[in-house]
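In what follows, a structure is listed as structure tokens, so that the remarks can point back to it.
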Amino acid sequence: MEDNQIEDGEKNTNVEVAPALISVHPTQNSVAVAVGSDLRVYDLLGDCAVSLVDDSGATSHKDSIRAIRYGANGKLFVSAGDDKVVKIWFAESWQCICTVISEKRVSAVAISNDGQHVCFADKFGVVWVVDLHGIDGSEASVSKTAAPLLAHYCSIITGLEFSPDGQYVVSADRDFKIRVTIFPKKPLDGAHEIQSFCLGHTEFVSCLAFVITLDYPQGFLVSGSGDSTVRLWDITSGSLLDTCEVAAKVGHLESNGSDEGYSTITDLCAIPDTTLVAAAIQSLQGVMLLSCNLSTKTLSVAKVISIKGENVIPTSLASSSCTGLLWMVTGVSNLPGFDCPSVSRVKVISGFNKSSLDSLEHEPLPLEDNDILGGTKLLEKLQGSVTVDEKVFTAAAEALKAAMCNLLIKKQYSVEKREFRKRTRNDRKTKQ
Amino acid sequence: MLEKESNPTHSKSTGLPRKRFYRARAHSNPLSDSHFPVPVSPSHVDFSLHYPQFFPSSSEVSCSKKIQFADIGCGFGGLLISLSTLFPETLMIGMELRDKVTEYVKERILALRGSNPGQYQNVSVVRTNSMKYIPNYFEKGQLTKMFFLFPDPHFKEKNHRRRVISLHLLDEYAYVLGVGGIIYTITDVEELGDWMKSCLESHPMFEALKKEELEADPVVKLLCSATEEGQKVARNGGQTFQAVFRRIVPTS
């Protein structure tokens, strides 16, 4: 009886659902969505779906993709995930130029600002670096080995970012830590000099983003966490500048009181050329906009944009400069109990142009499907179909919430349960 | 003398806690999720609990003293007790993962403070997993000495990542050590001794102390003589392997 109780909590972890991810080319040449093992790319310049060129087989990834990202200069694209394969693509020809085999499942990726190094983090807390010097894509896909760069002690790394000036690499983990490490001149020898630790979160850190403006080109780091706060940091000293509680605001909006008070931040996206940060929050249908005042170093909730008439709780956000568009996707793969195990829905919010920032008359608004760049053709590619059965998303949101909890929150056992487990230990057995 | 009788786990003659009431397994898994409280950041550590004489109340921030020595995996605290009288003005802390052992050291310090008024006020102990939470306790460059004495050898290659000295963990130790700070390691396992030495040698932020520097350092002599493990090795006539390195500014 007691035995069953203890086992219960661990059974669910076998089914690993993965959230859908989205990434947009820095100048909006293309947009990529990953759902499960499927990587879907739409060419926005040519207004057509992209077919990936990969020598290694029909499907590039064999298990859920956990991280995708464009390089800062838009030349490269990286995808990686549970199949322990990191794929580096040319973001123009969509040819896979480099494949790296990881020892463990990959949880985050980043590309250095000069596009010469790709970093990826595995679930054991090690960040690896791949040197891309000499790869110009003239040959077919090459295999490379990665060198260890740094490590968080056996913690899952949830976020990986290069600072805007390229001086630091920032890594966040599920042990509430953000580590700022000086990115060395010879990364293959490892990054040993820690600039700072950003400590203050009281739950796992789930996402990182840099807010950059013309006045502050070095940028400020914002981080989202399971403790339902977004925090603003000075990375050179590691000091906490401001904390923005979002739970109250979300709870106020829902006003049904069903939420247990925790609103995990699942993704953050700094909108280029502005001081706005969009936050995707578990249980929030829509996005929350946070306004970052860089001169007073404060962070506050600016506005909640809800998506009416649709059950869209975004799992991932993306934006590109000069377009005023915020892209979002909601979706899940490996959803148990449904005919189509992978679903996704892409939405776009427009109106983040510089001019409209201060005047509230041009509020950011979600676009109708037909008004999205690329229209139904784009949606067909990225979603897999134009219309998606909405009922799935309620189940999907629940499944994702559970999966994130299982993965990142430490299991709490009562004293009795711990004592019960110890009872079977060899040294506690009563000697005959 | 009356109050001493009240505690059955303490020796009647010396007032010190007796080890047999604080038996613990020799090893603890550093990878397991912890159930003890961890300070959010170094500024959240309440020093008035650890050093009541140096920090009279938690509200007062007048005392700018910071912890300078950390004994990682302090065990039963032998080294800390010796260092406490050798450096009476330096704050030092022991970190230990096993809760019963931590309790023992706590009681030992309290008993010593009671029987030697004014002494042992600069030493304390905390139960934590130092492989995970070092940055939660110490600020950048705060420490001047770190000790890793007779750590768990973790012989199997599969378990090497559980070793307390590794190239990656040295990054964090280099972060909390100030420039010129010294890291002391010693073990009776030759394989582990080689491992720790090679990790430190290949790390760009550490350099080995010279022979004469080692001889001049009074702390080096304590590595073998002060710790319980060291005494045990000496009793059995075993060999020890030490590596003492200094934190330097990396050349780049």
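Backbone N, Cα and C define each Cβ position, glycine as well.
As annotated by TrEMBL, S-adenosyl-L-methionine binding site applies to B:GLY73, B:GLU96, B:LEU97, B:ASN129, B:SER130, B:LEU149, B:THR227, B:GLU228, B:GLU229. Here the Cβ of B:LEU97 (S-adenosyl-L-methionine binding site) has 24 other Cβ atoms within 10 Å, regardless of which shown protein chain they belong to.
As annotated by TrEMBL, active site applies to B:ASP152. Sequence-distant contacts of B:ASP152 (active site), defined as residues of its own chain at least six apart whose C-beta falls under 8 angstroms from its C-beta, comprise B:ALA26, B:HIS27, B:GLY73, B:ARG162, B:ARG163, B:VAL164.
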Diameter of the S-adenosyl-L-methionine binding set by C-alpha atoms, the set being B:GLY73, B:GLU96, B:LEU97, B:ASN129, B:SER130, B:LEU149, B:THR227, B:GLU228, B:GLU229, in angstrom: 21
B:THR227 (S-adenosyl-L-methionine binding site): secondary structure state under DSSP, collapsed to three categories: coil
Neighbourhood of B:SER130 (S-adenosyl-L-methionine binding site) by C-beta distance under 8 A, where only residues 6 or more apart in the same chain count: B:ALA70, B:ILE72, B:GLY73, B:MET95, B:LEU97, B:VAL164
Assigned element (helix, strand, coil) containing B:SER130 (S-adenosyl-L-methionine binding site), judged by DSSP: helix
